[in-house]
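Below is one structure; the comments refer to it alone.
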Amino acid sequence: MPDQKPISHNTLCLLLLLSIFANVGLVSSKSTIEPCSNSDSCNALLGYTLYTDLKVSEVASLFQVDPIAILTANAIDISYPDVENHILPSQLFVKIPIACSCVDGIRKSVSTKYKTRPSDTLSSIADSIYSGLVSADQIGEANSVTDPSVLDVGQTLVVPLPCTCFNGTDNALPAIYLSYVVRPVDTLTGIAARYLTTITDLMNVNAMGGTAIKAGDILAVPLPACASNFPRYSSDYGLIVPNGSYAITASHCVQCSCGPGNLKLYCMPASLAVSCSSMQCRNSNLMLGNVTVQQTGGGCNVTSCSYGGYVNGSIITSLSTYLQPRCPGGQQFPTLIDPPTSVVRESMFAPSPSPSSQSDGAGTTPKSSVVPTTTGSLPGFPPASSPIGSTSHACSLRKSLATSPFALVLLLFVKFLLSMSL
(Lines of atoms letter the chains of each structure in order from A and count residues from 1; the text may use other names and numbers.)
(Lines give C-alpha, C1' and ligand atoms only; values in the text may rest on other atoms or scores of the structure.)
Protein backbone atom coordinates (compact mmCIF):
# COMPACT_ATOMS: atom_id res chain seq x y z
CA MET A 1 0.00 0.00 0.00
CA PRO A 2 1.57 3.31 -1.03
CA ASP A 3 2.42 5.87 1.57
CA GLN A 4 -0.25 8.51 2.09
CA LYS A 5 0.83 12.04 1.40
CA PRO A 6 0.61 14.06 4.59
CA ILE A 7 -1.69 17.05 4.65
CA SER A 8 -0.02 20.32 5.55
CA HIS A 9 -1.02 22.28 8.61
CA ASN A 10 -2.06 25.28 6.46
CA THR A 11 -4.35 23.10 4.34
CA LEU A 12 -6.04 21.76 7.46
CA CYS A 13 -6.59 25.27 8.82
CA LEU A 14 -8.04 26.38 5.49
CA LEU A 15 -10.46 23.45 5.45
CA LEU A 16 -11.55 24.16 9.01
CA LEU A 17 -12.17 27.81 8.18
CA LEU A 18 -14.21 26.81 5.15
CA SER A 19 -16.25 24.54 7.39
CA ILE A 20 -16.95 27.36 9.84
CA PHE A 21 -17.90 29.83 7.11
CA ALA A 22 -20.17 27.26 5.50
CA ASN A 23 -22.02 26.86 8.77
CA VAL A 24 -22.36 30.58 9.25
CA GLY A 25 -23.56 31.13 5.70
CA LEU A 26 -26.21 28.48 5.99
CA VAL A 27 -27.94 30.12 8.94
CA SER A 28 -31.14 31.80 7.80
CA SER A 29 -32.47 34.97 9.36
CA LYS A 30 -35.19 34.77 11.98
CA SER A 31 -38.62 36.22 11.29
CA THR A 32 -41.68 36.49 13.50
CA ILE A 33 -44.62 34.49 12.19
CA GLU A 34 -48.21 35.06 13.32
CA PRO A 35 -50.53 32.11 12.72
CA CYS A 36 -54.07 32.96 11.56
CA SER A 37 -57.24 31.16 10.59
CA ASN A 38 -59.60 33.78 9.16
CA SER A 39 -59.82 36.03 6.12
CA ASP A 40 -59.61 39.32 8.01
CA SER A 41 -56.84 41.77 7.22
CA CYS A 42 -55.30 44.62 9.18
CA ASN A 43 -53.16 47.68 8.62
CA ALA A 44 -49.45 47.13 9.16
CA LEU A 45 -46.13 48.84 8.45
CA LEU A 46 -42.90 47.80 6.76
CA GLY A 47 -39.58 49.35 7.71
CA TYR A 48 -37.95 49.99 4.32
CA THR A 49 -34.51 51.37 3.48
CA LEU A 50 -34.15 52.86 -0.01
CA TYR A 51 -31.48 51.06 -2.08
CA THR A 52 -31.01 54.11 -4.34
CA ASP A 53 -32.48 57.57 -4.89
CA LEU A 54 -36.17 57.11 -5.68
CA LYS A 55 -39.17 59.34 -6.23
CA VAL A 56 -41.99 58.99 -3.73
CA SER A 57 -44.11 57.59 -6.55
CA GLU A 58 -41.40 55.01 -7.38
CA VAL A 59 -41.32 53.77 -3.79
CA ALA A 60 -45.11 53.57 -3.85
CA SER A 61 -44.97 51.59 -7.10
CA LEU A 62 -42.58 49.05 -5.55
CA PHE A 63 -45.21 48.21 -2.93
CA GLN A 64 -48.37 49.10 -4.90
CA VAL A 65 -49.52 51.62 -2.32
CA ASP A 66 -50.73 55.22 -2.45
CA PRO A 67 -47.79 57.70 -2.52
CA ILE A 68 -49.72 60.02 -0.20
CA ALA A 69 -50.14 57.15 2.26
CA ILE A 70 -46.36 56.77 2.48
CA LEU A 71 -45.90 60.49 3.11
CA THR A 72 -48.57 60.72 5.79
CA ALA A 73 -47.35 57.55 7.54
CA ASN A 74 -43.99 59.28 7.95
CA ALA A 75 -45.50 62.68 8.88
CA ILE A 76 -44.05 64.27 5.73
CA ASP A 77 -45.76 67.49 4.63
CA ILE A 78 -47.92 66.73 1.58
CA SER A 79 -48.63 70.40 0.83
CA TYR A 80 -45.36 70.77 -1.10
CA PRO A 81 -45.84 71.22 -4.86
CA ASP A 82 -45.54 67.99 -6.83
CA VAL A 83 -44.60 66.15 -3.63
CA GLU A 84 -45.30 62.73 -5.18
CA ASN A 85 -42.37 63.28 -7.55
CA HIS A 86 -40.03 64.41 -4.78
CA ILE A 87 -36.78 62.41 -4.89
CA LEU A 88 -36.02 60.60 -1.64
CA PRO A 89 -32.33 59.94 -0.92
CA SER A 90 -30.70 56.52 -0.94
CA GLN A 91 -30.52 54.78 2.47
CA LEU A 92 -33.47 56.76 3.82
CA PHE A 93 -35.55 54.69 6.25
CA VAL A 94 -39.31 55.03 5.76
CA LYS A 95 -42.42 53.25 6.97
CA ILE A 96 -44.58 51.69 4.26
CA PRO A 97 -48.28 51.14 5.10
CA ILE A 98 -49.59 47.81 3.81
CA ALA A 99 -52.57 45.52 4.20
CA CYS A 100 -51.70 42.41 6.20
CA SER A 101 -53.72 39.34 5.17
CA CYS A 102 -54.06 35.73 6.27
CA VAL A 103 -52.50 33.50 3.60
CA ASP A 104 -51.89 29.77 4.01
CA GLY A 105 -52.43 30.03 7.74
CA ILE A 106 -49.96 32.85 8.47
CA ARG A 107 -49.99 36.63 8.33
CA LYS A 108 -48.26 38.18 5.32
CA SER A 109 -48.82 40.68 2.55
CA VAL A 110 -49.10 39.28 -0.98
CA SER A 111 -50.36 42.39 -2.77
CA THR A 112 -46.89 43.48 -3.92
CA LYS A 113 -45.90 42.61 -7.48
CA TYR A 114 -42.50 43.23 -9.07
CA LYS A 115 -41.68 43.28 -12.79
CA THR A 116 -38.16 42.00 -13.42
CA ARG A 117 -35.51 44.04 -15.20
CA PRO A 118 -32.27 43.06 -16.97
CA SER A 119 -29.61 41.76 -14.54
CA ASP A 120 -32.21 41.09 -11.81
CA THR A 121 -31.77 37.99 -9.70
CA LEU A 122 -33.97 36.70 -6.89
CA SER A 123 -31.19 37.62 -4.45
CA SER A 124 -30.82 41.18 -5.73
CA ILE A 125 -34.59 41.69 -5.67
CA ALA A 126 -34.86 40.39 -2.11
CA ASP A 127 -31.72 41.82 -0.53
CA SER A 128 -31.33 45.12 -2.38
CA ILE A 129 -34.58 46.28 -3.92
CA TYR A 130 -36.74 45.15 -0.99
CA SER A 131 -33.98 45.71 1.61
CA GLY A 132 -34.07 42.24 3.16
CA LEU A 133 -37.78 42.24 3.95
CA VAL A 134 -38.08 39.00 1.97
CA SER A 135 -35.66 36.22 1.01
CA ALA A 136 -34.82 34.91 -2.45
CA ASP A 137 -36.19 31.51 -1.44
CA GLN A 138 -39.51 33.04 -0.40
CA ILE A 139 -39.89 34.85 -3.72
CA GLY A 140 -38.96 31.69 -5.60
CA GLU A 141 -41.44 29.57 -3.66
CA ALA A 142 -44.26 32.11 -4.07
CA ASN A 143 -43.76 32.11 -7.84
CA SER A 144 -42.82 28.44 -8.39
CA VAL A 145 -39.43 29.43 -9.79
CA THR A 146 -37.56 26.21 -10.58
CA ASP A 147 -34.31 27.82 -11.75
CA PRO A 148 -33.50 31.02 -9.81
CA SER A 149 -30.64 31.80 -12.21
CA VAL A 150 -33.08 32.25 -15.09
CA LEU A 151 -35.52 35.17 -14.87
CA ASP A 152 -37.27 36.52 -17.92
CA VAL A 153 -37.13 40.29 -18.32
CA GLY A 154 -40.57 41.71 -17.67
CA GLN A 155 -41.65 38.70 -15.63
CA THR A 156 -44.13 39.62 -12.87
CA LEU A 157 -43.26 38.19 -9.48
CA VAL A 158 -45.35 38.12 -6.32
CA VAL A 159 -43.26 39.47 -3.43
CA PRO A 160 -44.51 38.05 -0.10
CA LEU A 161 -43.77 40.53 2.67
CA PRO A 162 -43.77 40.00 6.44
CA CYS A 163 -46.45 41.55 8.62
CA THR A 164 -48.33 40.96 11.86
CA CYS A 165 -51.67 42.08 13.30
CA PHE A 166 -52.01 40.62 16.81
CA ASN A 167 -55.57 41.96 16.95
CA GLY A 168 -54.33 45.54 16.61
CA THR A 169 -53.37 45.74 20.28
CA ASP A 170 -50.33 45.59 22.51
CA ASN A 171 -50.90 45.23 26.25
CA ALA A 172 -54.62 45.92 25.68
CA LEU A 173 -53.90 49.29 24.01
CA PRO A 174 -54.28 50.09 20.29
CA ALA A 175 -51.12 49.30 18.32
CA ILE A 176 -49.91 48.82 14.78
CA TYR A 177 -46.98 46.52 14.05
CA LEU A 178 -43.84 47.49 12.14
CA SER A 179 -41.82 44.74 10.42
CA TYR A 180 -38.26 45.86 11.07
CA VAL A 181 -35.12 44.37 9.47
CA VAL A 182 -32.30 44.26 12.01
CA ARG A 183 -29.09 46.02 10.96
CA PRO A 184 -25.55 44.98 11.95
CA VAL A 185 -25.22 47.65 14.66
CA ASP A 186 -28.69 47.16 16.17
CA THR A 187 -29.34 45.90 19.67
CA LEU A 188 -32.66 44.98 21.19
CA THR A 189 -32.14 47.71 23.78
CA GLY A 190 -31.59 50.33 21.09
CA ILE A 191 -34.64 49.28 19.06
CA ALA A 192 -36.82 49.32 22.18
CA ALA A 193 -35.61 52.81 23.09
CA ARG A 194 -36.16 54.24 19.62
CA TYR A 195 -39.71 52.95 19.44
CA LEU A 196 -40.68 53.82 23.01
CA THR A 197 -41.25 50.26 24.16
CA THR A 198 -39.42 47.77 26.38
CA ILE A 199 -37.11 44.85 25.81
CA THR A 200 -39.67 42.65 27.57
CA ASP A 201 -42.41 43.72 25.19
CA LEU A 202 -40.27 43.05 22.11
CA MET A 203 -39.25 39.65 23.45
CA ASN A 204 -42.85 38.67 24.19
CA VAL A 205 -44.22 39.90 20.86
CA ASN A 206 -41.49 38.06 18.95
CA ALA A 207 -41.48 34.93 21.17
CA MET A 208 -37.78 35.38 21.91
CA GLY A 209 -35.94 33.29 24.48
CA GLY A 210 -33.15 35.85 24.82
CA THR A 211 -32.07 39.31 23.78
CA ALA A 212 -29.68 38.20 21.03
CA ILE A 213 -30.51 39.44 17.54
CA LYS A 214 -28.51 39.44 14.33
CA ALA A 215 -28.47 41.37 11.08
CA GLY A 216 -31.25 40.23 8.77
CA ASP A 217 -33.65 39.17 11.51
CA ILE A 218 -37.12 40.65 11.07
CA LEU A 219 -38.80 41.82 14.26
CA ALA A 220 -42.40 42.83 14.84
CA VAL A 221 -42.25 46.16 16.66
CA PRO A 222 -45.48 47.41 18.29
CA LEU A 223 -46.17 51.13 17.81
CA PRO A 224 -48.83 52.93 19.89
CA ALA A 225 -51.69 53.96 17.61
CA CYS A 226 -55.14 55.49 17.37
CA ALA A 227 -57.81 52.99 16.37
CA SER A 228 -61.06 53.76 14.56
CA ASN A 229 -64.47 52.26 15.30
CA PHE A 230 -66.00 52.58 11.84
CA PRO A 231 -68.72 50.09 10.86
CA ARG A 232 -67.58 46.88 9.18
CA TYR A 233 -69.31 47.85 5.93
CA SER A 234 -67.24 51.04 5.54
CA SER A 235 -64.39 50.90 3.03
CA ASP A 236 -61.91 52.15 5.64
CA TYR A 237 -63.00 49.72 8.35
CA GLY A 238 -60.14 48.94 10.72
CA LEU A 239 -58.24 52.17 10.04
CA ILE A 240 -55.46 52.56 12.59
CA VAL A 241 -52.95 55.43 12.63
CA PRO A 242 -49.55 55.22 14.36
CA ASN A 243 -48.97 57.78 17.09
CA GLY A 244 -47.22 60.82 15.65
CA SER A 245 -48.47 60.43 12.09
CA TYR A 246 -51.40 60.83 9.72
CA ALA A 247 -53.53 58.84 7.30
CA ILE A 248 -55.55 59.88 4.26
CA THR A 249 -58.87 58.15 3.63
CA ALA A 250 -62.25 58.60 1.91
CA SER A 251 -60.69 59.08 -1.56
CA HIS A 252 -58.25 61.71 -0.29
CA CYS A 253 -61.09 63.73 1.23
CA VAL A 254 -60.44 63.05 4.94
CA GLN A 255 -57.22 63.28 6.91
CA CYS A 256 -56.92 61.55 10.29
CA SER A 257 -54.14 62.10 12.81
CA CYS A 258 -52.94 60.48 16.02
CA GLY A 259 -51.34 62.33 18.92
CA PRO A 260 -49.36 63.75 20.41
CA GLY A 261 -50.63 63.53 23.98
CA ASN A 262 -53.42 61.01 23.46
CA LEU A 263 -54.49 58.01 21.42
CA LYS A 264 -57.77 59.46 20.22
CA LEU A 265 -58.21 59.46 16.43
CA TYR A 266 -58.94 62.94 15.09
CA CYS A 267 -60.25 63.40 11.52
CA MET A 268 -60.88 66.49 9.45
CA PRO A 269 -61.16 67.57 5.79
CA ALA A 270 -57.93 66.97 3.87
CA SER A 271 -56.19 69.66 1.87
CA LEU A 272 -56.15 67.35 -1.15
CA ALA A 273 -59.94 67.21 -1.28
CA VAL A 274 -61.23 68.06 -4.77
CA SER A 275 -64.64 66.52 -5.20
CA CYS A 276 -66.03 65.18 -1.94
CA SER A 277 -69.41 64.46 -0.44
CA SER A 278 -70.76 66.72 2.28
CA MET A 279 -68.72 66.83 5.48
CA GLN A 280 -71.26 68.80 7.51
CA CYS A 281 -72.95 67.14 10.46
CA ARG A 282 -76.73 66.90 10.14
CA ASN A 283 -78.85 69.32 12.12
CA SER A 284 -75.77 71.43 12.81
CA ASN A 285 -73.57 74.05 11.22
CA LEU A 286 -70.46 72.15 12.36
CA MET A 287 -68.16 70.62 9.75
CA LEU A 288 -66.10 67.49 10.15
CA GLY A 289 -63.47 68.04 12.84
CA ASN A 290 -65.16 71.09 14.37
CA VAL A 291 -65.54 71.22 18.13
CA THR A 292 -67.40 73.78 20.24
CA VAL A 293 -67.10 74.16 23.99
CA GLN A 294 -69.27 76.01 26.52
CA GLN A 295 -68.37 76.38 30.18
CA THR A 296 -71.28 75.88 32.57
CA GLY A 297 -71.70 75.61 36.31
CA GLY A 298 -71.77 71.83 36.04
CA GLY A 299 -68.71 71.52 33.80
CA CYS A 300 -67.97 71.97 30.10
CA ASN A 301 -70.41 71.12 27.33
CA VAL A 302 -68.52 69.79 24.33
CA THR A 303 -70.12 69.33 20.90
CA SER A 304 -68.11 67.70 18.12
CA CYS A 305 -68.61 66.66 14.52
CA SER A 306 -66.70 63.39 14.04
CA TYR A 307 -65.84 61.09 11.15
CA GLY A 308 -67.68 57.77 11.01
CA GLY A 309 -66.25 56.06 7.93
CA TYR A 310 -66.55 56.06 4.14
CA VAL A 311 -69.59 54.17 2.84
CA ASN A 312 -70.55 53.85 -0.84
CA GLY A 313 -68.76 57.07 -1.76
CA SER A 314 -70.29 59.07 1.10
CA ILE A 315 -68.53 60.53 4.12
CA ILE A 316 -70.35 59.55 7.31
CA THR A 317 -70.37 62.16 10.07
CA SER A 318 -71.80 62.03 13.58
CA LEU A 319 -72.70 64.82 15.98
CA SER A 320 -72.11 64.21 19.67
CA THR A 321 -72.57 66.33 22.77
CA TYR A 322 -71.21 65.46 26.17
CA LEU A 323 -70.30 67.04 29.51
CA GLN A 324 -66.84 66.87 31.00
CA PRO A 325 -65.25 68.53 34.04
CA ARG A 326 -62.98 70.90 32.11
CA CYS A 327 -63.01 72.41 28.67
CA PRO A 328 -60.35 70.98 26.36
CA GLY A 329 -57.60 73.09 24.85
CA GLY A 330 -56.84 73.45 21.18
CA GLN A 331 -56.28 70.32 19.10
CA GLN A 332 -52.62 69.35 18.94
CA PHE A 333 -51.18 67.74 15.81
CA PRO A 334 -48.11 65.61 15.12
CA THR A 335 -45.23 67.67 13.81
CA LEU A 336 -44.85 67.57 10.03
CA ILE A 337 -41.41 67.38 8.44
CA ASP A 338 -40.24 68.65 5.07
CA PRO A 339 -39.76 66.06 2.32
CA PRO A 340 -36.27 64.62 3.06
CA THR A 341 -33.42 65.51 0.73
CA SER A 342 -30.52 63.89 2.59
CA VAL A 343 -29.81 61.19 5.16
CA VAL A 344 -27.97 61.93 8.36
CA ARG A 345 -25.29 59.40 9.26
CA GLU A 346 -27.17 57.97 12.24
CA SER A 347 -30.35 57.20 10.29
CA MET A 348 -28.38 55.18 7.73
CA PHE A 349 -27.75 52.51 10.34
CA ALA A 350 -30.60 52.88 12.80
CA PRO A 351 -34.37 52.75 12.64
CA SER A 352 -36.33 55.94 12.35
CA PRO A 353 -37.38 57.09 15.82
CA SER A 354 -41.00 57.19 16.74
CA PRO A 355 -42.38 60.55 15.61
CA SER A 356 -43.80 61.20 19.07
CA SER A 357 -40.30 61.12 20.53
CA GLN A 358 -39.28 64.14 18.51
CA SER A 359 -41.34 66.52 20.58
CA ASP A 360 -41.83 67.23 24.22
CA GLY A 361 -45.29 65.73 24.12
CA ALA A 362 -47.12 69.03 23.81
CA GLY A 363 -47.03 69.04 20.04
CA THR A 364 -47.38 72.03 17.79
CA THR A 365 -49.67 72.89 14.94
CA PRO A 366 -47.73 72.30 11.70
CA LYS A 367 -46.88 75.30 9.60
CA SER A 368 -48.42 73.58 6.60
CA SER A 369 -51.92 74.32 5.43
CA VAL A 370 -52.45 70.57 5.41
CA VAL A 371 -53.58 70.72 9.02
CA PRO A 372 -55.42 73.94 9.89
CA THR A 373 -56.17 74.85 13.48
CA THR A 374 -59.48 74.01 15.11
CA THR A 375 -61.47 75.45 17.93
CA GLY A 376 -61.25 72.57 20.34
CA SER A 377 -59.94 69.14 21.04
CA LEU A 378 -61.40 65.74 21.65
CA PRO A 379 -60.51 64.14 24.96
CA GLY A 380 -58.71 60.81 24.95
CA PHE A 381 -56.74 58.48 27.10
CA PRO A 382 -52.97 58.81 27.57
CA PRO A 383 -50.57 57.10 25.18
CA ALA A 384 -48.96 53.78 25.99
CA SER A 385 -45.34 54.28 26.92
CA SER A 386 -42.97 51.65 28.22
CA PRO A 387 -45.52 48.83 28.02
CA ILE A 388 -44.98 45.66 29.98
CA GLY A 389 -44.79 42.68 27.69
CA SER A 390 -47.68 40.34 27.08
CA THR A 391 -47.33 36.89 25.61
CA SER A 392 -48.29 36.66 21.96
CA HIS A 393 -48.95 33.74 19.65
CA ALA A 394 -45.93 34.56 17.49
CA CYS A 395 -43.37 31.93 16.65
CA SER A 396 -39.80 32.31 15.42
CA LEU A 397 -38.18 30.23 12.70
CA ARG A 398 -34.45 29.62 12.33
CA LYS A 399 -32.48 26.89 10.61
CA SER A 400 -30.14 25.09 12.97
CA LEU A 401 -26.47 24.88 12.11
CA ALA A 402 -26.37 21.22 13.05
CA THR A 403 -29.23 20.28 10.74
CA SER A 404 -27.64 21.59 7.56
CA PRO A 405 -26.73 18.53 5.43
CA PHE A 406 -23.96 20.31 3.54
CA ALA A 407 -22.33 21.51 6.74
CA LEU A 408 -22.43 18.00 8.22
CA VAL A 409 -20.86 16.46 5.14
CA LEU A 410 -18.14 19.11 5.12
CA LEU A 411 -17.35 18.53 8.78
CA LEU A 412 -17.15 14.77 8.29
CA PHE A 413 -14.85 15.33 5.33
CA VAL A 414 -12.53 17.50 7.42
CA LYS A 415 -12.48 14.88 10.19
CA PHE A 416 -11.60 12.22 7.61
CA LEU A 417 -8.71 14.32 6.34
CA LEU A 418 -7.49 14.85 9.88
CA SER A 419 -7.53 11.11 10.53
CA MET A 420 -5.60 10.52 7.31
CA SER A 421 -2.89 12.91 8.42
CA LEU A 422 -2.30 11.15 11.72
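Just so you know, the numbers here start at 1 and follow the chain as drawn.
Cβ atoms are placed via backbone N, Cα and C, with glycine included.
Where the annotation comes from TrEMBL, it is an automatic prediction and has not been curated.
Among the features that TrEMBL reports, signal peptide is placed at 1-29. Annotated domain 'LysM' per TrEMBL: 112-159, 178-221, in sequence order. Residues or ranges marked as region 'Disordered' by TrEMBL: 345-386. The feature compositional bias 'Low complexity' is assigned by TrEMBL to 363-376.
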Tally of residues which DSSP labels helix, strand or coil - the domain 'LysM' (112-159): 15 helix, 6 strand, 27 coil
Number of helical, extended and coil residues in the domain 'LysM' (178-221), per DSSP: 14 helix, 8 strand, 22 coil
Reported mean pLDDT - the domain 'LysM' (178-221): 96
